[in-house]
Each structure stands twice: as C-alpha cells, then as structure tokens.
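TrEMBL has this to say about the protein:
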| type | residues | note |
| --- | --- | --- |
| DOMAIN | A:1-538 | domain 'Cytochrome oxidase subunit I profile' |
| TRANSMEM | A:6-28 | transmembrane segment |
| TRANSMEM | A:86-107 | transmembrane segment |
| TRANSMEM | A:136-155 | transmembrane segment |
| TRANSMEM | A:167-190 | transmembrane segment |
| TRANSMEM | A:205-223 | transmembrane segment |
| TRANSMEM | A:235-257 | transmembrane segment |
| TRANSMEM | A:269-290 | transmembrane segment |
| TRANSMEM | A:302-324 | transmembrane segment |
| TRANSMEM | A:330-352 | transmembrane segment |
| TRANSMEM | A:410-431 | transmembrane segment |
| TRANSMEM | A:443-467 | transmembrane segment |
| TRANSMEM | A:496-517 | transmembrane segment |
Amino acid sequence: MTPTIAILLIITFVLSTVGLLLLIWTIANNQFSHGQAAARTIFSPGEEGHSEDRARPADEPFTGDTSEQAQAIEARWTADQSSRTAVLTWLSSSVFWLLLGSFFGLASSIKMHLPEFLTASEFLTFGRIRPVHLNAVTYGWASMAGIGVALFLIPRLFKTSLVGGKYAVIGGFIWNIGLILGLSAITLGLSDGEEWLEFPWQVDLLFVVGGAMCAAPLLLTAANRNVEHLYVTSWYLMAALVWFPILFLIANLPFAFPGASGATVNWWFAHNVLGLWVTPIGIGIAYYMIPKILGRPIISYQLSLIGFWSLALFYSQVGIHHLIGGPIPTWLVTLSIVHSVMMSIPVITVAINHHGTMMGNFGRLKDSPTLRFVWIGALMYTVASLQGSMEALRSINVITHFTHYTVAHAHLGMYAFLSFILFGAVYFIMPRLTNWEWPWRKLISLHFWLVSIGILIYVVSLTVAGWKQGVALLDAAMPFMDIVKMTLPALQARTLGGALMTLGHLVFAFHFIAMLMRQGAATEQPTLFRPAIKENAQ
Amino acid sequence: MKRALAIMVGAALILLLATLTLVVMPYLQMSAEQVPPDLKPYTEQQQRGRQVYIANGCVYCHSQQPRDPSFAPGDKARGWGRPSVPGDYAYDEPHLLGTMRTGPDLFNIGARQPSIDWQLMHLYNPRAIIKGSIMPSYPFLFRHVDEPVEGDKVVNIPPPYGPESGKIVATEDALALAEYMLALDHTYPAPTLPTLPPKTDEPKENRAP
C-alpha cells in the first residue's frame with residue numbers, strides 16, 4: 001500500500017473515531033439532552049401510558065385528567081389542523097405517484113420474462129419504463145410521502161402550529177411539476193443517463209426549489225417552538241431536509257464530473273438518497289410512532305443520539321461499495337466498505353430502541369394498523385441494513401454485484417422498510433387531519449396482506465435466483481444464456497409479487513380517496529384490525 | 001433554536017467531509033489519470049449512438065466494466081476483456097459503467113461482434129440470433145419499406161422474425177447505435193493502472209484482495 005493511500009485512510013479513521021469519542025463524551029456529560037426526560041417530550045402532560053391509537057379496547061381515549069392536560073391535548077389538535085393543507089397536498093400527490101410507479105414497475109417486470117411485451121413503441125421500451133418506475137416511486141411516492149409525514153410531525157414535535165405552511169403547499173406543486181417534466185423527459189429519451197439521476201438537470205432545479213420551500217416552514221416552526229428538548233425524530237427530519245438539497249445539487253451539477261469520476265459521484269449520491277434522505281425520514285417516523293402508539297417512551301434516549309450521529313458519519317461514505325471491482329482507486333472502495341460495515345453501529349442502536357420498546361407489547365400488532373406497518377418496517381430496516389453491510393464485503397459482493405440479488409435488497413429497503421413505515425404513518429395521520437375514521441377495517445387488512453405477501457415473494461425469489469446467478473457468472477464454464485434461463489422462474493415470480501403489491505396499492509389508494517370523501521359511517525372509534533368486541537360486550 | 005441550528009450545521013459539516021473524501025479527492029486523482037494513447041475519441045456518429053444507448057436505457061441491463069480476473073474470474077474468461085482503468089473512460093460523459101448484468105458486459109462488444117449486420121439484426125430482434133434471449137427488440141429503430149432506395153441500409157432478418165413482405169431498413173439512430181457498439185473495443189493494452197505513484201507495478205494486486 002502506498003504511503004498516500006495509507007495517510008488518507010488513517011486521516012479518515014482518525015476523524016471518524018474522534019467524532020465518535022466526542023459524541024460519547026458530550027452525551028456522557030449531558031451536553032445534548034436531559035436523557036430520558038427528552039424521550040417523554042412527545043407525550044402531552046399525563047399522556048404517558050395511554051396509547052394514541054387506542055389499540056386495546058380497555059383504553060379510553062386520553063382527554064386529560066386536569067384542565068391543564070386537556071389544554072395540551074386541545075393544543076395538539078390545533079397543531080394537527082395547522083398542517084392540514086400542506087400535509088394533504090404532499091400525501092395525496094404521493095399516493096398518485098405510488099400508483100403510477102407501481103404500474104410502471106409491474107410492466108418492467110413483465111418485460112423481463114416476456115421480451116416482446118409492448119416493444120412497438122419507443123416510449124414503452126424497458127430501458128425507459130424502468131427508470132420511470134424508479135424515479136416515480138423514489139421522488140414521487142417515497143419522498144413526497146416522507147415530506148408529507150414530516151410536515152405533520154413538525155408542529156407536533158415542536159408543540160406549536162405550523163408556520164409558513166403555504167410555502168410547503170407551493171413547494172408541493174413545484175415538486176409535482178418537476179416529476180411530470182422529469183418522467184416525461186425519460187419517456188421521450190432525454191434522460192441524463194445516470195441511475196438515480198435520470199432527470200435532466202434543468203428539471204432538477206425544480207426539486208431543489210420545491211424542497212427548499214419545505215425547509216422554510218421547518219425553520220420557521222422550529223424558531224417558534226414550545227418545547228425545550230428536541231425529540232430525536234426532529235433531529236432526523238432536520239438533518240434529512242438539510243442533506244437532500246446539498247446532495248441533489250452537487251450530484252446534478254451539469255458537466256462537472258466526466259468519465260470514471262462521474263461514476264463515483266453517481267453512486268455517492270445514489271446511496272446517500274437512501275442513507276441520508278429516506279432512511280432518516282423512515283427511522284424518524286418509527287421513533288415517533290412506536291412510542292406514541294404503545295404509550296411508553298423509547299427505552300434509551302442516549303442510544304438514539306449515538307445512532308443519529310453515527311448514521312451521519314458512516315452512511316455518508318458508503319456509496320462507493322457499488323463500484324467494488326470497478327475502475328476506481330482501491331482506497332476509495334476500501335473506505336466505503338469500512339463505513340458500510342461500521343453502519344452496523346447505528347443500525348444496532350436503532351434496533352435496540354425500536355424493538356426494545358416493543359418488548360412485551362407485541363400483542364398490539366394484532367390491533368393497530370399503524371403499529372403493525374411501522375414495526376414491520378422497522379424490523380425490515382434492521383434486516384436490510386445488516387444485509388447491506390454484508391453485501392459490501394468483497395467476498396460477498398463479487399457474487400451479488402450485477403445480479404438480481406441487489407434488486408431484491410433494494411426493494412427490501414425501499415419497500416419493506418420505508419414504504420411500510422410510510423403506510424403506517426398515513427393510517428395514523430389521516431384521521432387526525434380529516435377528523436374522520438378510516439371507513440373499512442377490512443380494506444386495511446387486505447392492503448396489509450397483499451403488500452406483505454407480494455414483497456415476500458418478490459424478495460425471496462430474487463434473492464435466491466440472484467445469488468445463484470452471481471455464483472454462475474463467476475464460472476465461465478456455464479454459458480451466459482443458461483444463466484438467463486436459470487433466472488426466468490424468479491423473474492416470473494417477481495411479476496406475481498409485484499402484481500400483488502400493485503393490487504394492494506389500488507386498495508390503499510381507493511381507501512385513501514374514500515377517506516378524503518368521508519365515506520363510511522361517522523364513528524368515534526379508531527378503525528383497527530379487530531373490532532373492539534370486549535368494549536361492546538361491557 | 002440554537003440547538004436546532006447546531007444539529008443542522010453538524011449534519012451539513014459531516015456531509016461536507018463525505019463530499020471531500022468521496023467526490024473531490026477521487027475527482028482530483030482520476031482527472032490526473034493518463035488517457036491511453038490507443039483510445040480514440042468518439043466520432044459524431046458514435047456519440048449519437050451513445051445518446052441512443054442512454055435514451056433507451058441499455059445501461060439497466062449491461063455493464064461496461066470487466067473486473068480483475070484475480071477478483072472475479074468469470075469476466076475475463078467470458079471474453080469480456082481485461083479489467084478497465086479510469087483512463088478508458090476519458091471520453092465518456094456521462095459514464096455508463098452499469099450495475100446490472102441481465103445481459104453480458106459490453107466493454108468489448110465491438111471486438112466480440114465486429115459485424116454491423118450482426119449488431120443491427122440483433123437490435124431488430126435479439127431472438128433472431130440468440131435463442132431464448134430476454135433482451136427487448138427495438139423495431140422502432142427500423143423502418144419497414146416495400147422497396148429500399150439508394151443509400152438505405154437493408155437488414156436481412158431471417159424468418160420468422162422478419163416481415164412477410166418488403167424489407168427492414170435501419171434508421172440513422174440504429175446505425176449510430178450499432179457504430180457505437182463497434183466502437184466499444186478496449187482491447188489495446190492497459191496503460192497505468194489506478195494507483196497514485198506511477199512507479200509501482202503491482203496495482204492489480206492492490207485492486208483485489
């Protein structure tokens with residue numbers, strides 16, 4: 001190893017280690033928070049011990065025992081209402097893009113095993129509808145739903161009304177225009193040509209502006225806040241909203257990074273979209289929803305802060321593990337592999353908190369749709385992240401790189417983790433914004449089972465086939481076409497899984513619209529997976 | 001507000017550090033990389049073909065980056081070529097390294113299939129040449145004419161894949177794409193491999209465990 005490389009590596013390691021030590025020191029000295037007290041800030045006075053989803057029939061809705069407590073509940077209702085227009089703008093848009101993205105994904109999947117399916121038109125060729133799928137679900141569904149949920153959580157976390165909500169509404173419109181133009185550009189063959197960065201850079205400006213308009217209410221509301229402690233969810237949301245515009249801007253700088261260095265920027269960005277944008281949003285939501293529905297604070301607040309800063313340190317440098325074996329400097333690949341493995345630290349701390357808080361309360365999964373979606377999402381975060389750390393190792397990556405295995409892993413992360421958490425959050429948020437309960441519990445159930453079975457088929461089939469594909473690719477004695485044939489059953493299974501997921505999304509979208517139109521009977525009871533039989537019998 | 005600001009500034013600083021290590025430093029190092037003397041810049045037609053490649057998303061199924069045989073033995077053994085080096089991509093903007101091998105690596109497809117007729121026929125319908133291929137066909141890159149005129153590039157498609165009557169003629173886009181395929185020939189010897197000081201002669205060992 002040359003001295004320069006060694007020095008570079010040493011500097012990075014020293015920086016990371018010093019950062020981590022500094023963090024541990026500050027937490028040990030209470031520089032950041034007042035520990036467990038901060039974990040309770042999400043509850044209004046006296047609310048701890050009461051579930052906000054009233055998952056148990058025995059639970060009475062908590063309205064406050066004293067007038068002070070009742071006032072706090074009232075204030076929260078006001079805070080929820082203040083974000084109504086902004087949140088509904090972003091969430092409704094996201095549901096539309098989810099549907100559109102699902103259909104494009106399903107069509108792409110069919111084309112993988114029926115290559116003559118829809119080949120006549122250039123606008124529907126595989127190489128165009130696949131990026132339309134990716135961009136629609138990433139920037140349309142996941143990002144818009146994520147921002148929508150963030151806009152809902154911000155006033156709640158800061159215990160004040162959303163300030164500057166109209167900027168977020170305008171931002172939503174700009175973002176939607178960006179999506180329409182960007183997806184049209186891909187369809188017309190005007191892609192920028194790099195994965196995750198297909199939108200032409202002129203269109204990308206709209207996302208930077210739209211995103212910045214969402215940062216405005218965040219800052220204004222933060223300045224107006226009525227809480228002393230910043231709950232960990234707000235850390236994640238604030239960081240995500242800072243990171244995304246920087247990332248998006250640098251990666252899309254036109255004509256700045258030619259050749260092989262373009263590839264490093266490409267994958268630095270692409271993995272950071274996952275690591276520094278959708279992941280903090282997903283984890284942040286779970287950090288709010290799980291304790292709120294259980295009515296108990298997370299078990300270790302200090303741990304959650306270690307999780308946050310170590311995520312920031314390590315996740316920002318993992319991207320180049322997408323280029324292992326590629327034409328780029330070795331030190332760079334090694335750096336990313338090391339950070340990928342180090343990612344197990346934030347993942348394990350988050351896992352301890354999420355799952356540890358659930359400990360002894362798993363029975364609630366039978367009742368609360370929000371909890372079931374969010375907790376399964378959190379569990380899949382643990383699984384997908386540890387799998388990702390493994391995949392970054394050279395010995396594993398040499399097999400899984402360039403195969404369907406990676407596609408399965410991506411969907412485990414973006415769907416089973418992130419989308420599940422977003423589904424759960426939408427089930428929680430909508431009744432509080434519209435003052436109406438979800439009309440049909442059976443539809444929530446149907447949605448859950450369709451998407452769960454769908455993603456299970458999807459991930460299992462492609463994981464197995466992708467691994468076999470990767471092993472076979474290393475052995476030149478196996479002809480390439482034999483490998484293609486070997487993967488065909490899995491590609492067909494993926495279409496089945498994808499069809500189930502798409503069906504689930506249709507159910508979800510239908511229910512969402514019915515909710516907006518106030519279908520079903522007026523009720524005071526939350527719509528849960530099981531009716532509150534016991535309560536009726538009393 | 002002070003604490004909120006501290007979090008946001010801290011988050012931005014960490015990202016700045018990552019940008020330095022993952023964007024700026026590799027860029028400085030790789031842009032100083034020597035361009036192989038045997039590597040030719042793309043012609044106008046090849047560049048147009050490259051745009052067709054991008055527009056139709058070939059990159060989602062084909063990589064252009066053979067790995068080192070000591071790391072991943074299959075790549076070279078399949079005839080995909082020597083491991084690529086940063087200099088090989090000097091004229092590539094944007095890069096098209098790819099992350100998927102639903103189809104084979106194309107870094108040296110021009111050397112493996114140097115016939116433009118093969119390339120065009122394969123684009124019109126891959127199954128006309130390779131049984132069981134799952135690559136889409138690209139009929140929209142071709143015209144169906146009754147009688148080709150002077151200057152038309154006729155593509156002879158074997159039955160049953162061609163039309164019953166008339167001829168299939170390649171469009172300018174199809175010809176450009178095929179020319180780009182033929183230009184993907186990196187069989188010249190590898191120049192400096194990616195390490196900082198050019199004096200070391202064992203970079204191959206460095207690149208793979």
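Every residue gets a Cβ built from N, Cα and C, even glycine.
The list of residues near the transmembrane segment (A:205-223) in space but at least 6 beyond its ends in sequence, with Cβ under 8 angstroms from a Cβ of it, reads 86, 139, 147, 150-151, 154-155, 158, 160-165, 167-168, 170-175, 177-178, 181, 199, 234, 237-238, 241-242, 244-245, 248-249. Here the domain 'Cytochrome oxidase subunit I profile' (A:1-538) returns a mean pLDDT of 89 for the predicted model. In summary, the transmembrane segment (A:167-190) does not lie against the transmembrane segment (A:235-257): fewer than three C-beta pairs, each 6 or more positions apart in sequence, are under 8 Å.
Cβ atoms under 8 Å from those of the transmembrane segment (A:496-517) belong to residues 88, 91-92, 95-96, 98-99, 102-103, 105-106, 109, 415, 423, 426, 430, 434, 436, 438-440, 443-444, 446-451, 453-459, 461 of the same chain, restricted to positions at least 6 beyond its ends. Taking every recorded stretch in A:86-107, A:136-155, A:235-257, A:302-324, A:330-352 and counting its Cβ pairs under 8 Å to the transmembrane segment (A:410-431), the highest total belongs to A:136-155. Below 8 angstroms of C-beta separation, residues 302, 305-306, 309-310, 313-314, 317, 331, 334-335, 338-339, 342 of the same chain, each at least six residues beyond the ends of the transmembrane segment (A:6-28), sit close to that stretch.
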